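Report on the structure given below.
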Amino acid sequence: MRSLWDFHGGIHPDENKQQSLQQPLADAPLPKKVVLPLQQHIGAASEPIVQVGDKVKTGQCIAKADGFVSANIHASISGTVVAIDEQPIPHPSGMSDLCISIESDGLDQWVDLTPVTDWQTADTETLIQAIAKAGIVGLGGAGFPTAVKARTRERHAIDTLVINAAECEPYITADDISMQTYPEQIIIGAQILCQLVNPSSCLIGVEDNKSDAIKALQKAAQGTHIEVVVIPTKYPSGGEKQLIKILTGREVPSGGLPADIGVVCQNVGTTLAIAQAITLGQPLVSRVVTLTGNAFTRRQNLQVRLGTPIHELLAYAGYNAAIASRLVMGGPMMGFSLLSDQLPVVKTTNCILAPTAQEFPDPEPENPCIRCGMCEQACPAELLPQQLHWFAKAQEFEKAQLFNLFDCIECGACAYVCPSHIPLVQYYRFAKSEIRKESEEAKKAERAKIRFEQRQARLEREEAEKVAQREARMAAAAAATAAKKAAEASQSTNLDSATGTSAHNTAAAPLATASHAATSQLDEAALKKLKIQRAAAAVALKKAEKALTEAKDNGVDVETLNTLDQQLNAAQQKLNTIDQQLGKEISPAAATSSANATASLNAGAQAEHEKALKQAKIAAAASKAAVKKAEKALIHARENEGVEEISAKEQALVIAQNLAQKAAEKLEALNQAPVAASVAAPSQSASTVEANSSDTGQAEYEKALKQAKIAAAASKAAVKKAEKALIHARENEGAEEISAKEQALVIAQSLAQKAAEKLEALNQTPVAASVAAPSQPASTVEANSSAETGQAEYEKALKQAKIAAAASKAAVKKAEKALAQAQEKGDATEIDQCTDAVNSAKNKAEAAANKLKQLTEAKAAIVE
Amino acid sequence: MAFIRVSSPHLHRPLSTHQVMRYVILATLPGLATLTYLFGWGSLINVLLASAFGLVFEAIVLKMRKRNPMPALKDNSALLTCVLLGLALPPLAPWWMLATGSFVAIVIAKQLYGGLGNNPFNPAMVAYALLLIAFPVEMTQWISPARLLEHTPDLVSSLQAVFGHPQIADAFTMATPLDGFKHKGELMADEYWRQNAFMPEKVWEAWALSSIAFMLGGLFLLWKKIFTWHIPVAFLGSLGLLSLLAYGADASNFASPMIHLFSGATMLGAFFIATDPVTAATSNKGKLWFGAGIGVLVFVIRTWGNYPDAVAFSVLLMNFAAPLIDYYSQPRSFGHKKPRKGIKHDA
């Protein structure tokens, strides 16, 4: 006698198995029409391989397994495919799914079956292929594709094969009758499985309430190494984990598989199907279904073709709708109630239960939990069901998980014993689905975050490349300057032959530059090509992003999302590679274009321009100072004053910022003006004087550049300071301080940005001019036209300065008004602050006025 | 037939809350009968009066909470609480004490916390503790066993005593064994027993008999699987062990384990009070801690505290500890190597 183990808890509901065991197993009448869902198993739905209108024979494969974890589906009758569409399927939610409908021709013509006759000597792969071809899935309830399970040995060391024949659910006798009817075939099936799994022992676990089945099996198993183990009747001993514990004493680890502890478990019905598939070549087109419950007049087990509509079975079994309390698919403990009888029998349908109200009364109202702990005594997973119930009810899902909610097998033992009639399993299902939803959303968010970061990195890279290009251009400009100097030197060489040799050496430099430029031009074709490629890659990236978004919105499964993610990454990488190539190509190209640029500069206009530029710079600096003061006042106000003061100061700041913006724009305009001038000037003959004057302009420009650089550095320092202050505020201070400092930082950053832009503008502008100037100076006419342009620019500057002055005056007035209000209120600090604000506004106004004055004076000078 | 959507399981064991409560009430009957036989009508009047008050209070408070009182009245939980309170109070307690006790138990300790299932403290013991603190004299006057008296108070005089003539009851009362032992002063134990010649046999016998009656009722509930053995065994075990150690060390100053286990409210407490599932710890391991804690506290308070008996205070103190015990006494779930302790994630 083999020693058995016990599992914690369990219950002993009335078995009610005898009702359906009075009759032998019989064939159900052939259905007129079958509806075969494409998903009757765990894993991916099958892929239909027939079309509407096709004639099919019984046993013909009509849908192929799609992916590794999936299963074939076969026509269960011969006839015509009449539809491939959404039909209601047996599911607790009452949902619909894609199904293939076949109308019977009444002939039940089978395809030619190809058994594996020499299965004792056949190799593993042949047997597994035959099982997969037959579309066999776990018939116990889960519907896991059997062929996949049969490959367990490829990844795990297995020592025990368990055939689950416990059938612990009350009422159901499908396995019982199968064992009584086909004991030899079941033993053959077990032997085939042994050949696949190669265990040291094979145990068939049967509950002791099936004495006929036990006898039949024991007789059939004689002479084999297969052992029929009789176990005590207790629900849920037929649970996979529980049965393994009973037979081997081992516990499947939480979240693990039986294979982790060296066990493979197969349902006895599945074992029979395997035997029929191998020895007869018969695919899974029917299964044994128990029809029981007192609302049937004929309670018995039937061999039912898959896809048979339930109402046909009900009619056959003498179903009395008047006395039925509900219709259940599966057993009374874990089965689900059906919302219609227009549903097909599927591979996992082991029982149709039609109880009367005496058998299954309507559920009693839920009473409060009194923590009696009866559920805990019944729980086979050794959980604390009532604690889980409290957590689920309070939506404390994290605690529920900590109390091992996911080890719950939903056997219903807790709800069975609960004296308060609490539908505990329903609470656990709710909590589980909520937790799954949450984690799914967290995964989505994580994916979105990664994508965002990748995009951010890409943008940064692009920005960095732009900067690199700019630097390349600057380098080119420097080279051009050197070339100019060399030209000058060579000119002087003509005058003084004594120094000729050395000057000639210097002159070699521009020649070299020129030759380099020539080779760069050759690359342009390649560059163009790369640019086209880049555009294509960018389009691909966008497409991939769009597809991913759509997929997420439509809620497709995780695998598809992952694939799309990968596609997106691939597209991004391609783009990056091209970008890098492009970056390499662009540097010489930029040099080429810079070197080739031609323009001339009129000395007078340049001088005018420099003057206006200087003035504009002063104005810009003044307005920046005003902005800073206003900011300071605002920050101060935020810290110390009321809402009105703050808003007044905010307005003052906005005005000051606008002024600063305008000043900056003007400066920008002036900076760009010479570009226009230089572009306008056609290339003509040179004179030494003009070259010299050009040099003066160059000196002026260098000065401006220096100043701009200083300004840029200062503003960068300001940004850094503001950042530091912000970090400090985040660490030590309240929300208000933080937001004030954040704003200060933003302002500082925008100032820095502007300074950088100005610097950039200065960098780019005169280069072209200075390069071309010595060799090709302009004529007087053009000089005049250039001067006119300068004049127009000046007028524009003047106008802007006037506007600025007016605006700052308005600011002064507003600040004064605020001061007056503060004085009325009589708050000393407020008055002080408003006085400060007025003063700063006044300063600003003064600065604006000064600027205006300067501009006017400048005009006077020009007129003179 | 309508196609109804019902969540599995579809089968249900025919045992409901009201039946559980009824079983517990039935199980108190041997104890109640013994008390009535040995100490007169007092306990029976207590139980009936307290129950009547309790049901009325329950109905009123549910009306005030805008709930239908009928399902709650039918679940027998208020009835059980008041039966236990009536058994715990001294026989012939004045009616207003029963009314106050029922009010505190049902309205304050139970319904104000949200009703059945939501009260953190044992309602009967909250009421008992309140009465003990508020009316210490009335609460420590226990009637003498009937057989010691020349004429026992009949039903009429018992009712008179309950309704307004407490002096009638005074004539029949005496100290309980625990109370007497507590106030023996400087006497050694054997001297005390010698001086109160009738005490060791007759009084002790009456208390022991009623304790055994309660124990039998409790064993019936164990057999019916209304509760598990954990709390009573842990309670009686720890109390017995501690008193045995103390008695073994110094028999002249400590009460014997027999006195601890078979007098006072020990058996009533172990099988009917501490096992109240709502306020106890929930896992098997937790129930062991919970019961053992009560046993220890009972011994400590009886031996060194100010009160002769200590079941009410001990149970209330362990009620406080029950949620903590629950967090730290989770069972090892199937497929796990060891049980989880506390509610923090594994490091």
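These residue numbers are counts, starting from 1, taken along the chain as shown.
Backbone N, Cα and C define each Cβ position, glycine as well.
Automated prediction, rather than curation, is the source of TrEMBL annotations.
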TrEMBL tags one of A:32-86, A:252-306, A:527-581 as coiled coil - which one? A:527-581
Per TrEMBL, the range holding region 'Disordered', considering A:1-21, A:484-504: A:1-21
For the [4Fe-4S] cluster 1 site that TrEMBL describes with A:Cys369, A:Cys372, A:Cys375, which of these is also annotated: A:Cys168, A:Cys194, A:Cys202, A:Cys418? A:Cys418
Of all the binding-site residues here, A:Cys369, A:Cys379, which one's CB has the most other CB atoms within 10 A? A:Cys379
Provide the list of binding-site residues among A:Cys369, A:Cys372, A:Cys375, A:Cys408, A:Cys414 whose C-beta sits under 8 Å from chain B at the C-beta level, in sequence order; use 'none' for an empty result. A:Cys369, A:Cys372
Could you give me the DSSP helix, strand and coil counts for the region 'Disordered' (A:1-21)? 4 helix, 1 strand, 16 coil
Around the [4Fe-4S] cluster 2 site formed by A:Cys379, A:Cys408, A:Cys411, A:Cys414, which additional residues qualify by having Cβ within 8 Å of the site's Cβ center? A:Gly9, A:Cys375, A:Ala378, A:Pro380, A:Ala381, A:Leu383, A:Pro385, A:Ile409, A:Glu410, A:Gly412, A:Ala413, A:Leu424, A:Val425, A:Tyr428
Enumerate same-chain residues with a sequence separation of six or more from A:Cys418 ([4Fe-4S] cluster 1 binding site) and a Cβ-Cβ distance below 8 A; give 'none' if the list is empty. A:Met374, A:Cys375, A:Leu424
Could you count the residues of the domain '4Fe-4S ferredoxin-type' (A:359-389) that DSSP puts in helix, in strand and in coil? 10 helix, 0 strand, 21 coil
Centre the Cβ atoms of A:Cys369, A:Cys372, A:Cys375, A:Cys418, go out 8 Å, and tell me which other residues of that chain have a Cβ in range of the [4Fe-4S] cluster 1 site. A:Ile370, A:Arg371, A:Gly373, A:Met374, A:Pro385, A:Gln386, A:His389, A:Cys414, A:Val417, A:Pro419, A:Ser420, A:Ile422, A:Leu424
Within-chain partners of the domain '4Fe-4S ferredoxin-type' (A:359-389) [C-beta distance under 8 Å, separation at least 6 from its ends]: 7-11, 16, 236, 239, 242, 293-294, 325-326, 328, 332, 400, 403-405, 407-409, 411, 413-424, 427-428, 431
A:Cys411 ([4Fe-4S] cluster 2 binding site) CB neighbourhood, other CB atoms within 10 A: 27
Within 10 A of the CB of A:Cys375 ([4Fe-4S] cluster 1 binding site), the number of other CB atoms across every chain shown is 28
Distance [Cα-Cα, Å, rounded] between A:Cys369 ([4Fe-4S] cluster 1 binding site) and A:Cys411 ([4Fe-4S] cluster 2 binding site): 19
Per the 10 Å Cα distance test against A:Cys372 ([4Fe-4S] cluster 1 binding site), the binding-site residues A:Cys379, A:Cys408, A:Cys411, A:Cys414 reduce to none
